[in-house]
Each structure stands twice: as structure tokens, then as C-alpha cells.
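Notes to accompany the following structure.
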Amino acid sequence: MPGIRSAFADFLLAVRRQLIECLSQRAPRWSPARLVRSCTALLFASAMALPLAAQGTSENTVWLKVDTRDATLTVMKGDKAEKVFKDISIGRYGTTDAKMEGDHRTPLGRFTIAWIPQKSRYHRFLGLSYPDIDRAERALADGKISEAQWQAISRASASKRRPPQNTPLGGFIGIHGTGAGDLKIHQQYNWTNGCIALTNEQIDRLMNWVQVGTPVEIR
């Protein structure tokens, strides 16, 4: 997890990039009032995200590092690895920075655990804060989602609630077990629709470390 300088620098760069995109791509075709509303909402959502970026400053902050190349999920405490879960599975078609509904790919980026349902067909499920505001901003600029969908994602991000799960960007991305699935398939293939999969035993052990709000980095 990045330290305070790295986290704050990342935050400022992200806001700068988003504002440039907001102004350059929307100004020619949006009314001044609409442009002001959109960019103001973007700044508000970004400002609300700053405390999350600063979480990496604490040596006691527990977060999850998912390495899709090494097929590992590591429980981190500050910069120290506390527990490594090996042989995880990801989306059957790999990873992406621009996930869309039905592409069976795992989104890369930084998220938080947004919700933990009591029951799941996959034994346990840790829902991630996907789609995130940065991804939604790019999708809106590319015409992949509507302004209403972007605003809903922005509001959820600002209030740290579960974002809409039914947009063209896809949803219900999380960390889960295998449920009643075949362990042999889990051990040999990436089989999910975009989630991170562990064995049931592994995710039971992982539950000792996590809660709603736990940061997750997928790289």
C-alpha cells in the first residue's frame, strides 16, 4: 500500500486527469450549466476518496494485494505481508483496465470491500466497490454509460456505498469461494466471470482479516 506522499500524489494526478478529460471532452457539446454540475460532482467524489488514499499511511492498516500474474492473494498490514493465499483463480479471459459486462475479465485497480452478504452460492462473497468513479468517468467520456449511470456511481463513491451493479460496466465483482464447484477445475483453470476465487477453506481463513471498508488492490 502506498505511503502518504505516494497516495496523495496519485490522488492529485487522478483529479487533474479527470478534470482535463471533463473539460476537454464535454465542453464542446455540453451547456455551461451541465458542465459545471458534472465537474463539481467529480471534484466532490474525488475529495471524498482522499481519506481512502491516506489509509496506506498506517502501519496497522490491513489491506489485500491480489497479484493476478502470480495467482496469489496476500493479506498486508501496512507494508508487511501477514498471510499469502496461493493458486487463486481470476476471470477466464484474464484482466483488464476497461471491464465491460459479460467480458469475463477481472478489473485491475484499487477498490474496497463494499458489502458482505450473509449467504452466497460461492460459500462466501466479499463484494468490491466496482465500478469505481475513475472507470465510470472514462466510460462516460467514451459514451459507454449514460450521465445518469455516471451520477449514480459518483454518488455511491462519495457516500462509500455499494455502486450500481447493473450498468454496462458490469457488476458483482468480488472475492469468493468455490462453493460446490469442482476443486480440480479451480486448481487448473481461471474460471470466474471476473471475480477472484479462493477455495472455501481459504476464504474462511481470509474472513478473519477483512470487513466492509478493507482496501483491495488488484494488479
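The backbone N, Cα and C atoms fix where each Cβ goes, and this holds for glycine too.
Across the residues of the domain 'L,D-TPase catalytic' (62-219), the predicted structure has a mean pLDDT of 97. If you look up TrEMBL, you'll see 62-219 marked as domain 'L,D-TPase catalytic'.
His176 (active site, proton donor/acceptor) carries a strand DSSP state (E or B). Around His176 (active site, proton donor/acceptor), the same-chain residues at least 6 positions away in sequence with a Cβ under 8 Å from its Cβ are Ser120, Tyr122, His123, Arg124, Phe125, Leu126, Cys195, Ile196, Ala197, Leu198, Ile203. The annotation active site, proton donor/acceptor is assigned in TrEMBL to His176.
Sequence annotations record features per position, and here TrEMBL assigns active site, nucleophile to Cys195.
Every protein chain considered, the tally of other Cβ atoms within 10 Å of the Cβ of Cys195 (active site, nucleophile) stands at 22.
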